[in-house]
Ligand code: CP
């Protein structure tokens, strides 16, 4: 039994397999409609979500399976003091696979320690979000046709942005990737990501505060929201929340084949007027996430063709 707590729980070969299956699902959806018949997914969301929860649910329903779960801690017995471990142990009697989001970093590790069914980390605090990375990777693959030899700029809240941490970790296993981290001082990429992942894998990188100076170099621009819910001080959030806003005039200096990604939800950091630009790929990411979650559910249940 395999859990997906971190993107490195999947090998490069397994990610390649998931991409192949996801692309086949896109072409031949009908062939997958009964694959998970009589299987149940539990979606345990202790923290708000739109895309991740609903795409896991849509993924399981499109595979012919069923879904149970809750969308907030308040509507579960965790509101009465039940531990994550007990909650997961109980749910593993009802479901074949569990997707779990929790505000505490490491909560999915505690869940996996007691679960009798596969656990998928659907986002833990400011730590990791491996299935968003699967959505990101399929989008990069479909837009660029490769993972090697690209310059990727990450912009915004790189401190709390768990999708950034997971994608940097995923990209560290390919060659020729150059990283540009664009953030204010207070929201810089965590030191451990630089030392344990970027530097350890000899990835060239730079850190900067200004988006404009590096935009022309980028093949991929990964925008992120400043995560107000993880700040201790509201005044700091208000001061930093609009530190980067991507607008059409800034984009004029970017490559014609730039791929703009954003895990969403968006607040102000990408102007709505960019949505129709062919370089805007963030709604494609949403759709790709469902296909990769379908492939992942099948893999973890031993149902891949
Ligand atoms: N990208 C993402 O995790 O979105 P949700 O918070 O809506 O699930």
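Glycine is no exception: its Cβ is also placed from the backbone N, Cα and C atoms.
TrEMBL: automatically predicted annotations, no manual curation.
Quick look at what TrEMBL annotates:
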type	residues	note
BINDING	51, 52, 101, 129, 132, 264, 265	carbamoyl phosphate binding site
BINDING	80, 162, 225	L-aspartate binding site
DOMAIN	2-141	domain 'Aspartate/ornithine carbamoyltransferase carbamoyl-P binding'
DOMAIN	149-299	domain 'Aspartate/ornithine carbamoyltransferase Asp/Orn-binding'
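Under the three-state DSSP scheme, residue 132 (carbamoyl phosphate binding site) falls in the helix class. Helix first, then strand, then coil: DSSP counts for the domain 'Aspartate/ornithine carbamoyltransferase carbamoyl-P binding' (2-141) stand at 70 helix, 25 strand, 45 coil. Proximity of the binding-site residues (51, 80, 101, 162, 264) to ligand 1: a Cβ under 6 Å from the molecule is found for 51, 264. Spanning the listed carbamoyl phosphate site, residues 51, 52, 101, 129, 132, 264, 265 have a farthest Cα to Cα distance of 16 Å. Distance from the CA of residue 80 (L-aspartate binding site) to the CA of residue 132 (carbamoyl phosphate binding site) is 30 Å. Taken as a whole, the domain 'Aspartate/ornithine carbamoyltransferase Asp/Orn-binding' (149-299) shows an average pLDDT of 95 in this prediction. Checked against residue 129 (carbamoyl phosphate binding site) by C-alpha proximity, the binding-site residues 80, 162, 225 yield 162 as the nearest.
Apart from 51, 52, 101, 129, 132, 264, 265, the residues listed for carbamoyl phosphate, the same chain places the Cβ atoms of 49, 50, 122, 123, 163, 263, 289 within 8 Å of the centroid of those Cβ atoms. Between residue 162 (L-aspartate binding site) and residue 101 (carbamoyl phosphate binding site), the C-alpha separation comes to 12 Å.
Residue 225 (L-aspartate binding site): 20 other CB atoms within 10 A of its CB, across all protein chains. Residue 225 (L-aspartate binding site) is 15 Å away from residue 51 (carbamoyl phosphate binding site) when you measure Cα to Cα. Those residues noted as binding L-aspartate (80, 162, 225) have their most widely separated CA atoms at a distance of 32 Å.
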